Amino acid sequence: MAQNSTQLEKISGSFTRLAEAFQLALTACREIEESLPSILGEKSEVSKPFKPAVTDPSNAKKEINMAIESPSKKATSPKKATPAAVAPVEATSAVDTSEAVASMTPNKRKARDPAQPKRPPSAYNLFQKNQRSEIKESLGEKSNDVKEVNKAMHEKWGSLSEDDRKTYEEEASKLREAYEEEMAAYNASKENASVADSRVTAEETSTKPSEDLSSPTKKDLIDFSETRPLAQASRATPDIKEQHAKKPKRKHTRSTVPTSNVEPVSQPQPSPDKIVSSPNPPSAKREKKKRRKSSMSSSITTPPTAKVAN
């Protein structure tokens, strides 16, 4: 019983301690809850990001356009010129403009021949010329809009009957025939002009050589004194090939000294120590080969003899 009572006391003491700790935790949580608004308020003032003032997009675009246009206007603003400087500029203005146009046009497009006939208009082009004023009046406020005018023109052309179209088509065909005739005449005249130009150039080239021969220049004339030393030098120094050709060839002559009185030259003979006899002369090798062949043939022809039992 005493042991049980001690255990119960220990358990009750632990419960009381837990209750005290729980109360302490609750009080700490309540204090934190009370202090949270002040802590969050202080942090929010510091951590707020910078936000620029919102402006209307239309005003922003206007400001950007003004900033872009202002330096260009300053750069292109004309200065007041003095009357003394204006006078020579006015005198040369017509010449400068013509030169500028002539320098810019050749790079873009070839100059058109004024004598070349222009292409005739089509039936639809003739219809446009006749009906453009009426269609503009019918459109009213939209008469200045090119897209609307062309659209109405196309619709009206599509709604025309075959008889109405024939008048424009016949007129266009007549203009086309006249254009073809004019173009044929233009091409023929162009070919004749090219043939005439080729003849003129051929005549000029044919007359040039005769003029050159008839009138020699100073460069073609050379003094005889300048060429004379060269000719003398060429005669005095013949070619190397001619020198070699003129040289006589040597003839090999035999000696007339009698050979009987001349002693023969003794050649050095090898010492006997240096002479080594060949161990196997070729004749000995041949005999050995013959013996081997004969022994092989005899072994093949003579079969082995069997032993007879006594």
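Easy rule for this one: first residue shown is 1, then count along the chain.
Yeah, the Cβs are placed from backbone N, Cα and C, and that goes for glycine too.
What Swiss-Prot records for 69-310 is region 'Disordered'.
Positions annotated as compositional bias 'Low complexity' by Swiss-Prot: 69-95.
Positions annotated as phosphoserine by Swiss-Prot, on the basis of experimental evidence: SER70 (among others).
The phosphothreonine annotation in Swiss-Prot covers THR105 (among others), and the record cites experimental evidence as its basis.
For 131-178 (among others), the entry in Swiss-Prot reads compositional bias 'Basic and acidic residues'.
The phosphoserine feature in Swiss-Prot is assigned to SER161 (among others). In the three-state DSSP scheme, SER161 (phosphoserine) falls into the coil class. Spatially close to SER161 (phosphoserine) yet at least six residues away along the chain is no residue at all, judged by Cβ distances under 8 angstroms.
According to Swiss-Prot, the feature compositional bias 'Basic and acidic residues' maps to 200-226 (among others).
Positions annotated as phosphoserine by Swiss-Prot, on the basis of experimental evidence: SER214 (among others).
According to Swiss-Prot, the feature phosphoserine maps to SER215 (among others).
According to Swiss-Prot, the feature phosphothreonine maps to THR237 (among others), an assignment based on experimental evidence.
According to Swiss-Prot, the feature compositional bias 'Polar residues' maps to 255-268.
What Swiss-Prot lists as phosphoserine is SER271 (among others), and the listing cites experimental evidence.
Annotation comment: Swiss-Prot describes SER294 (among others) as phosphoserine, evidence class experimental evidence. In three-state terms derived from DSSP, SER294 (phosphoserine) belongs to a helical segment.
The local packing around SER295 (phosphoserine), expressed as other Cβ atoms within 10 Å of its Cβ over all shown chains, amounts to 10. Taken from Swiss-Prot, the feature phosphoserine applies to SER295 (among others), supported by experimental evidence.
Counting only same-chain residues at least 6 apart in sequence, none has a Cβ under 8 Å from the Cβ of SER297 (phosphoserine). For SER297 (among others), the entry in Swiss-Prot reads phosphoserine.
What Swiss-Prot lists as phosphothreonine is THR302 (among others), and the listing cites experimental evidence.
Its Cβ placed at the centre, SER294 (phosphoserine) has 10 other Cβ atoms within 10 Å.
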